[in-house]
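Participant: Below are the features I grabbed from TrEMBL:
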- 6-31: transmembrane segment (TRANSMEM)
- 86-111: transmembrane segment (TRANSMEM)
- 203-222: transmembrane segment (TRANSMEM)
- 282-304: transmembrane segment (TRANSMEM)
- 362-384: transmembrane segment (TRANSMEM)
- 396-418: transmembrane segment (TRANSMEM)
- 439-464: transmembrane segment (TRANSMEM)
- 484-506: transmembrane segment (TRANSMEM)
- 518-536: transmembrane segment (TRANSMEM)
- 556-575: transmembrane segment (TRANSMEM)
- 595-617: transmembrane segment (TRANSMEM)
- 637-658: transmembrane segment (TRANSMEM)
- 783-861: domain 'Smr' (DOMAIN)
Amino acid sequence: MSLFDIAYILTKIGFCISFLSNFVLIYLTIFHVKQVFVTYKRMVVYFAVIGILFAGLEVIGRPFAHNFNGSLIFFSSSKLEVPHELLLLSISIWGGFYSLIIAFIAVQFVYRYLSLFGTKAAKKFDGYGTIVWGLYPIIPGAIYTYAFHIFCVPNGYTDGYMRNEILSTYEFNISEVPRFLMVPYDSDGHLRIESLQNISVDLFLVCSHYFIIIYCGLGMHFNMKKELEKFSVPQQKLQRQFFKALVIQSLGPTIFLVLPAAPVLLTPVVAPLLGMEVHWKTGWLFSLIGLFPPFDSVAFMLIVTEYKKIIKKKFLKQEPEVPKDPSTTALSVRMNQKNISHLLRFLSDFLSDMLPFETAGVFTKTGFCISFLANFILIYLTIFHVKQIFITYKRMVVYFAVVGILFSGLEVVARSFAHNFNGALIFFSSSTLNTPQEILLLSISIWGGFYSLIIAFIAVQFVYRYLSLFDIKAAKKFDRYGTIVWFLYPIIPGAIYSYAFFYFCLPTEYTDKYIRNEVFTTYGLVVSEVPRFIMAPYDSNGHIKIESLQNITVDLFLVCSHYLVILYCGIKMHFNMKKELKKFSAPQRKLQRQFFKALVIQSLGPTIFLVLPAAPVLLTPVVAPLLDVQVHWKTGWLFSLIGLYPPFDSIAFMIIVAEYKKVIKKNLEMSSRKHRDQKNAGILRKCTGHDTLTVNEAYRENQRDVSKALKSLGHETAENRGAHSQVHHCRPSHHENAHCLEMSRLHEKLKNASSSEVVQKIEMEMYEKGRKFNECRSPPNRYDLHYLTVNVAVKYALEVVEKEKKEKKHKEILLVTGNGNRSINGVAVIKNAILRDLGWLGYCTTREDPSNPGVVLVKFK
């Protein structure tokens, strides 16, 4: 299954989920919801319809993207038999929906802002005003779409820039697909004016509407309490829900549309400036973008209470809760006998809220399994197979992989969970193991200390790589006894970080009291019964506590000081690498560049999966009281995502350092060859009746050639057994050698061709020589496509199949394409093109020959 097919399956799943969730939202909004006014109802329906259209256009256009150095191609992978112009229009309109969606969210923010601060102005959105706000978002969407057709239309220069990259990566001719291309720089490195105009238009359309969203959002946030006093109590609650829903709706396109698209669009501008080589299949992001429409619609129904009530009543058949009299509730709080009912209610809430712990536990265990497998493979390959990496760096790679396994393993044991409540953060263990609280406390504190240990060790690796480039003598100090120093050093900041938990965050009577009710109502837990650390930076008078200040200072120093080392070494290496690498041999230069890229990715791993998720969790208790923001966040779910970090780093390292890929590929080929040998030996045993030992000896002596082995074993009818027993590994004859030399000469001509007319002339000559060569060969149902270009091979194969179909001489023919061992990156371009193009024919089936991967078998129906 190709990458396009996988992306298409995900796209179709996304469309189905999007259609279902948005249809439910539209149905409930039109026929059941009463509290939402007519104008806002129309906006909700409008936004849901946009979501369905957006997901539907993705299914039709099948947009895909690829970044290559200073260029970006945006093309359709659709297999629909429609004109290219329609597919171009579909993917450009799909791109225009980015701007349309953000523009409409800005319209909703303006409407809600005016509903709070200017009732008369808000009424302008009713009546004929509906037409205005309904049509307005289409304008920036149309401009965005039009910009594609004006500034990104392919030409000779842009197609030439991307042609070889697309052919080697996706095995198709760039001129055959509906596409838009953005190549910001010309051949002299100057910025092309059309690219500058395109980027300017895109940035203006997105940023101007985000400015409106932020302005109105902040205006509502800081003045909502005062303005809501004009409304009734139910309306105040409803207005707050609308505001929360609107904020979430603005986060949806930001997370699923803008943030994924930003690096894709900006890389062609930035990569040439930084001297980066880019080969990114960024099209898979579009299948994730399909998550946006259901995210927004489901979030809206969860936040606005009336939707939940209708769903419970109409679909789940649950009776609505009878509201309690406030005086009775107040009295029940004071009466001891009524406290039992409260406890029972809390216990039921606790049981219903057990799912997050269990779900997080499943994710954590899954993360550990993936982490263990990925890091074990990395350790095994590094120790037993990789030769180009020196001993010291081998130890560092193994050390880092072991740290990843221990980190994810400790997470399984400790099952750490966190909760933010206003000016406090509780960090506790949700483990169900029958172990003392002290051990669980120790495990979650050590697990927390791994944050600092990992960052410190990445800093050590940056220093080592920096010295390997600029001061080889100093780098040698990392060998021998130096190994003990760099091995032990990261443990020190890790231990300090862990000790800071015990010294500054142990619970006290004040901190337990502060968070007791919140933990009980949210999780049904008695705070004194769980292993916990609590950070409450302020005392009861609102003054910052000295131990909290010390804890924050220690944590920031440990992380920031090592990041400073990483940044300094990384920047110095980046800007001076080209000059310093002249000291090394060509293979070593290539290897050093791979190590640097791997190190950058390894520093991004903990930054994305550890530091960035943890920063808001740790800083909220300090910031929330200053901003007078109420916080009730179940932040523990982040820790299940943190488990993605260890496999991310190890897999990225193996992908970037070429020797790992070669070793893995070699082992897979050996496994494949072993499987093929076993299969061929089985065929020989079945055909000849000889024992396994005799068959294996004959197979090896005849250099794994099944036909020769059959003959040596006295099976004379081997040549009449069909296509599978034909000889595929014959020694080349004089005629074949002459043909090879002639085709090589034509390939050299093709490289130096000055125009498309010359290329066509050479390919025509190549086609004629290939046809004559095959007419002189035996057997008659075997056609050799070696030495042909992809276009010529596909053309010749199609003609051969048509001819064989008409003559009906053979039920099966062989097309010899080769394994692609001499092709770019080892990709069998001709074979894959043949399988793809002949696969569309309805009167025959094509497949790879099981006994020889370099042959395509075509069987007529």
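Cβ from N, Cα, C; glycine included.
Because TrEMBL annotations are produced automatically, they should be read as predictions rather than curated entries.
Describe the structural surroundings of these features, if you would.
Facilitator: For the transmembrane segment (203-222), the residues of the chain that approach it from at least six positions outside its boundaries are 98-99, 102-103, 105-106, 109-110, 112-113, 116-117, 140, 143-144, 243, 246-247, 250, 258, judged by C-beta separation under 8 angstroms.
Sequence-distant contacts of the transmembrane segment (282-304) (same chain, six or more residues past either end, CB-CB distance under 8 Å): 3-4, 6-7, 10-11, 13-15, 17-18, 20-22, 24-25, 28, 36, 44, 47-48, 50-52, 54-55, 58, 63-67, 72, 77, 238, 241-242, 244-245, 248-249, 252-253, 255-257, 260-261, 264, 311.
Within the same chain, residues 394, 397-398, 401-402, 404-405, 407-409, 411-412, 415, 639-641, 643-644, 646-647, 650-651, 653-654, 660, 663-664 sit at least 6 positions outside the transmembrane segment (362-384) and bring their C-beta atoms closer than 8 Å to a C-beta of that stretch.
Distant neighbours of the transmembrane segment (396-418): 357, 360-361, 364-365, 367-368, 371-372, 375-376, 378-379, 382-383, 389, 425-433, 440, 443-444, 446-448, 450, 453-454, 457, 460-461, 464, 486-487, 602, 617, 635-636, 638-639, 642-643, 645-647, 649-650, 653; these residues of the same chain sit at least 6 beyond its ends, with a Cβ under 8 Å from one of its Cβ atoms.
Non-local neighbours of the transmembrane segment (439-464) in the same chain are 392-393, 396, 399-400, 403, 406-407, 410-411, 413-414, 416, 427-429, 431, 433, 475, 478, 486, 489-499, 501-502, 531-533, 555, 558-559, 562-563, 565-566, 569-570, 599, 602-603, 606, 610-611, 614; each lies 6+ residues outside the stretch with a CB under 8 Å from one of its CB atoms.
Through the fold, the transmembrane segment (484-506) approaches residues 395-396, 399, 427, 441, 444-446, 448-457, 460, 464, 478, 533-535, 547-548, 550-551, 554-555, 558, 562 of its own chain, all at least 6 residues removed from its boundaries and within a Cβ separation under 8 Å.
Listed as Cβ neighbours of the transmembrane segment (518-536) (distance under 8 Å, sequence separation of 6 or more from its ends, same chain) are residues 346-347, 349-351, 353, 419, 421, 423-431, 437-438, 440-441, 444-445, 501, 504-508, 510-512, 545, 548, 551, 618, 621, 632, 634.
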Participant: Take the domain 'Smr' (783-861) and average the pLDDT across it for me.
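Facilitator: Value for the domain 'Smr' (783-861), mean pLDDT as a whole number: 80.
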Participant: Counting by DSSP secondary structure, give me helix, strand and coil numbers for the domain 'Smr' (783-861).
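Facilitator: Per-class counts: 31 helix, 22 strand, 26 coil.
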Participant: Cβ pairs under 8 Å only, please: of the recorded stretches 86-111, 556-575, 595-617, which one is richest in them relative to the transmembrane segment (637-658)?
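Facilitator: Per the Cβ under 8 Å count, 595-617.
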